[in-house]
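Annotated features in TrEMBL:
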BINDING   Asn166, Asn167, Ser168  NADP(+) binding site
DOMAIN    6-120  domain 'Tetrahydrofolate dehydrogenase/cyclohydrolase catalytic'
DOMAIN    140-297  domain 'Tetrahydrofolate dehydrogenase/cyclohydrolase NAD(P)-binding'
Amino acid sequence: MAAKLLSGKEVSESMLAEVLKDANELKAKGITVKMAIMRVGEDPGSISYEKSIITRMGKSNIEVESVQFPIDVTEADFIAKLQSINEDKNIHSVLIFQPLPDQIDAEKIKYLLSPEKDPDALNPTNLGKLMIADERGFFPCTAEGVMEMFKFYNIDVKGKDVVVINNSNVLGKPLTIMLTNEFATVTMCHVFTKDTASYTKKADIVVTACGIYGLVKPDMLSEDCILIDVAMAQMKDENKEFVLNEEGKKIRTGDAHVDCLNKVAMITSATPGCGGGTGPITTALLAKHVIKACKMQNGLL
Ligand SMILES: NC(=O)C1=CN([C@@H]2O[C@H](COP(=O)(O)OP(=O)(O)OC[C@H]3O[C@@H](n4cnc5c(N)ncnc54)[C@H](OP(=O)(O)O)[C@@H]3O)[C@@H](O)[C@H]2O)C=CC1
Ligand SMILES: Nc1nc(=O)c2c([nH]1)NC[C@@H]1CN(c3ccc(C(=O)N[C@@H](CCC(=O)O)C(=O)O)cc3)C=[N+]21
């Protein structure tokens, strides 16, 4: 039987109304909510996110200042712009797209971004607030988006065995903390995990974000499993060649092999026919965090 599809789009739309109402209430007080985005180079994931941000913020009455740099921008030029945004009282948040090129020291940048204007928790101050569940902090949107999906579909994680295949600062680590705060039992897998399938086979919930189509296969999952596939990749065949659709275009996928659809109980994935994945929730949460930053900076929270 085909799995129940979980739709990130549906979750994100349920959040839009509140964001728009808040933005309009701020406008009535004479405050225009505004964020900046900073992109270096032409990373396809960042360009896709940028498009999604511009559309979503437009619908939410949030202004966006889009700053783009060539791939060879100097660190000094990048920092000068970041500092002018930090000081600009009319800009409430700034998102710095990752990855940054090698000549820019990402570790240094994280500390320079004002924690009050950091909607995706790049600054370690916000990651620290996540550790102690301080709700005045900002938590990474991608990880929080997975929790929003559980909430929307009434999936109670308490006491569940959850496997997270990713250990990055934007997803695996923060999500593990959020899940633990809700009393799930969490296992994090990564490239040095000896036998990922031995964990996923027993899991009630599997969250994956590796960017490798087919990394998660039906024989790794139980029939009762809920599979949340956060990854965004392009489909490749066994020879690592891109698979193209009828129009000759690359096909968007997640990590889940398409046959997972007929194995598990519930699924969301960017793999075709699998519910679309969590991307739209990430963008909606970003909008929510920008509103929160604006309210806090204006003494309204
Ligand atoms: N839906 C959304 O809103 C968003 C989706 N994404 C997508 O999520 C994915 C991950 O992003 P991000 O965390 O930034 O990327 P990273 O490259 O930082 O993380 C990839 C993770 O996958 C793990 N991994 C890779 N190969 C394997 C393997 N064979 N077995 C087990 N684990 C493996 C890596 O482990 P290790 O650390 O040990 O190398 C790492 O933890 C990407 O596809 C990205 O496009 C990203 C942001 C937002
Ligand atoms: N600091 C930082 N934080 C990030 O969260 C981050 C990042 N850098 N760099 C790039 C990746 C990629 N990413 C996406 C999130 C949502 C969509 C999204 O909403 N996509 C739409 C489709 C948009 C389109 O294709 O036009 C969807 O899934 O339906 C896309 C991409 C966040 N990332």
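Glycine too: its Cβ is placed from the backbone N, Cα and C atoms.
Where the annotation comes from TrEMBL, it is an automatic prediction and has not been curated.
Report note: the NADP(+) site is defined by Asn166, Asn167, Ser168, and the residues of the same chain whose CB lies within 8 Å of the CB centroid of those residues, excluding them, are Val164, Ile165, Asn169, Val170, Leu171, Gly172, Lys173, Met188, His190, Ala209. DSSP places the residues of the domain 'Tetrahydrofolate dehydrogenase/cyclohydrolase catalytic' (6-120) in helix, strand and coil in these numbers: 60 helix, 18 strand, 37 coil. Sequence-distant neighbours of Asn166 (NADP(+) binding site) (same chain, 6+ residues apart, CB-CB distance under 8 A): Gly172, Met188, Cys189, His190, Val207, Thr208, Ala209, Cys210, Val230. In sequence order, Ala209 make up the list of same-chain residues 6 or more apart from Ser168 (NADP(+) binding site) whose Cβ falls under 8 Å from its Cβ. Here Asn167 (NADP(+) binding site) comes close to Lys173, Met188, Cys189, His190: these same-chain residues lie at least six apart in sequence, with C-beta atoms under 8 angstroms from its C-beta.
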